[in-house]
Amino acid sequence: MKFEDLLLEIGGFGRFQILILFILCLPRINLPMHFLLHNFLAATPSHRCAVPHQEAFVNLTVEEVLLISIPREPDGTFRSCEMFSQPQFHLLLNSSLQPENDSIIQPCQHGWVYDHSQFTSTISTQWDLVCEQRGLNQATATFFFIGVTMGAVVFGYLSDRFGRKAMLLLSLVCSLVFGMLSAASVSYSMLAITRTLTGVGLSGVSLIVLPLGMEWVDIQHRTLTGILTSIFWSIGNMLLAMVAYLVREWHWLLVAVTGPCLLSIVCLWWVPESARWLIANGKVKQAHRHLLRCARMNGRKDFAVSPEALRRMATDKKPGESYSYISLFRTPVLRKISLCSGAVWFGVAFSYYGMSMNLTGFGLNMYLSQFVFGIIEIPAKVIMYFLVNRVGRRQSQAWALLLPRGCSLTIVTNVSSCLLAFTSLRSVVAIMGKGFSEAAFTTVFLYTSELYPTVLRQNGMGYTSFVARLGGALAPLVFLLDEVWRSLPEVTYCGVAVCCGSVAFLLPETLNVRLPEGIEDIEKAQ
């Protein structure tokens, strides 16, 4: 008897499973509020050099003081990072003149003045992370994703070793503690460290929520479970836009997006450990208790199974044998799956965060962009629900990864075209690309959960998430390439997505296939 046969007897998608999924969706809402927080936390408002001793120019207006103190761009706006070494009073007679000698132009010497009309404060304005320090601003997101990368390795292994629920609780507690410490940061170094540790904690949440839910549902409802869980990520996307719009001060914004972790910790009390994991690890008494509770809640009161029967369902795991990340590469088929899925995850994350962290590049207000990007994900996921059940996981994954960058390439190749002078057209193309990009992320979570066996599922998710977070960590840094060529970031995103999307065609199909329990199930299936 397989575990799927047992689910048919106790109810594979009843009130018990619905309750679990609802509770697990609460931390899922919280994830994008941190993963995409950089858009608002590190936003850089308009700024210019601070002019010292302005009170000395008593006969000049503020505009005239700026005119003689700060050089202007060709479009007439004042430069953000440069000032004159000495006041240029001749510009008062003819403001159209531009200094011919660049030696009188120097970097800002006395700090910056920021436009606070949109943000009360961000980390950019707090610690002057602009101009020469712009790299540190982008690095804040990279530090966070480095933490997520480390957390993927740690929690992927620990959740296969010590159980899904215990590690989910630990990751939520870590997220809450370090998230609040981030809000209390008094220096950039403290913020970088605490954001990194917050990423470690949230990585566990990202890894464990979907597999824990899927391990309790039957084959027919696996896709629905994956899509439903993913939709709550999109809801979190929209909530982030609303919270960021209401809270414009970065300390309190961090508090606002971290606080919901406390609710998730409390609600986790009602979520049981995965019965699949318990059986696979010989903890049949606990599994038996949870299965009886499931049957009772689902109205299957006539269900009866002995612990001895559950013990016979366990895989042929030898006493004392343990699995690690090395196990993902020991056998031929599993090795191929691991290498290919790692490449796909890198491409998905690199592409997704490349679009999600460029809210100001698509012609919309950044709050509206964030909200619209969240809304467009929902129909994209509904469409993927039907596609992965009709076309299959493999084809859906590959094309969902290839198509978003096609939309981005349209923007790049037509950047000089008069058509893209219309902001609305550029926004539509960007929104379509974002929808495809999220569809790729939705599919890869579902697909990967089905590719790996129960004894290695969290190790597999941890490994692939590790590779994905490398992509997420590199994505914000690619924006710095615009200093070489304005379109180079998008060309880079497109090239990586095409290569990684093509690799998805090499993975096996998992549509309507039982979840494998042991490594031998993977090897025999090929």
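Indices start at 1 and increase along the chain as displayed.
Cβ from N, Cα, C; glycine included.
Caution: TrEMBL annotation is automatic and unverified by curators.
Taken from TrEMBL, the feature domain 'Major facilitator superfamily (MFS) profile' covers 87-511. When averaged over the domain 'Major facilitator superfamily (MFS) profile' (87-511), pLDDT in the model lands at 85.
Among the features that TrEMBL reports, transmembrane segment is placed at 139-159 (among others).
Annotation source TrEMBL lists transmembrane segment at 166-186 (among others). Nonlocal intrachain contacts for the transmembrane segment (166-186), taken as residues 6+ away from its ends with a CB within less than 8 angstroms of a stretch CB, comprise 27, 30, 34, 151, 155, 158-159, 194-195, 197-198, 200-205, 208-209, 212, 251-252, 254-255, 257-258, 261-262, 264-265, 268, 271, 273.
Marked as transmembrane segment by TrEMBL: 192-212 (among others).
For 224-246 (among others), the entry in TrEMBL reads transmembrane segment. Nonlocal intrachain contacts for the transmembrane segment (224-246), taken as residues 6+ away from its ends with a CB within less than 8 angstroms of a stretch CB, comprise 13, 17, 21, 24-25, 28-33, 36-37, 39-40, 209-210, 213-214, 217, 253, 256-257, 367-368, 370-371, 373-375, 377-378, 381-382, 384-385, 438, 441-442, 445-446, 449.
Under the heading transmembrane segment, TrEMBL lists 252-271 (among others).
Long-range contacts of the transmembrane segment (337-355) within the same chain: residues 35, 145, 328-329, 373, 397, 401, 404-405, 408, 430, 433-434, 437-438, 440-441, 444, 447-448, 451-452, 460, 463-465, 467-472, 474-476, 478, 489-490, 493, 496-497, 499-501, 503-504, 506-508, 522, each at least 6 residues beyond the stretch ends and with a Cβ under 8 Å from a Cβ of the stretch. The annotation transmembrane segment is assigned in TrEMBL to 337-355 (among others).
TrEMBL lists 367-388 (among others) with the feature transmembrane segment.
Per TrEMBL, the feature transmembrane segment maps to 400-422 (among others).
Cβ atoms under 8 Å from those of the transmembrane segment (139-159) belong to residues 34-35, 38, 41-42, 123, 129, 167-168, 170-171, 191-192, 195-204, 206-208, 324-325, 353, 357, 458-463, 465-466, 468-470, 472-477 of the same chain, restricted to positions at least 6 beyond its ends. Nonlocal intrachain contacts for the transmembrane segment (367-388), taken as residues 6+ away from its ends with a CB within less than 8 angstroms of a stretch CB, comprise 32, 36, 39, 223-224, 227, 230-231, 233-238, 240-242, 244-245, 355-356, 359-360, 396, 400, 431-432, 434-436, 438-439, 442-443, 446, 511.
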